[in-house]
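J.: Sending over a structure as structure tokens; questions will come in a sec.
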């Protein structure tokens, strides 16, 4: 799966009603589904900021521009926040097969623990069966 297909897959997850656009309420629901908090006013402000054509919604092009844009420091900070969502589930400072399974289930992509072990093994540089932040960052690039 290439980068654009991955972007489209994530975008489609946020686009709950399948209309090809992400509304503020859809953005809010997805942030909450992964354990975050986002008020409707914050979601509206985020959508307004990202909206390239002024229709009050985020299209795929807006989404890709956002994901690919931003400075390197901002991207690293975003990855750290995403990593924390996984590691806080087990509190071990890494992503375990169990925490990955729970997060994927929350995102509507359920996997078995064995499938998660295989996914982790692809990026587990030191072979300890879990992902550190550096391994996670390599996976996400």
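Counting starts with 1 at the first residue shown.
Glycine residues also receive a Cβ, built from the backbone N, Cα and C atoms like all the rest.
Please treat TrEMBL annotations as automatic predictions, because they have not gone through curation.
Feature annotation from TrEMBL assigns domain 'EF-hand' to 2-37, 38-73, 111-141.
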J.: In this predicted model, what is the average pLDDT of the domain 'EF-hand' (111-141)?
T.: 89
J.: Per DSSP, what is the residue tally for the domain 'EF-hand' (38-73) in helix, strand and coil?
T.: 22 helix, 2 strand, 12 coil
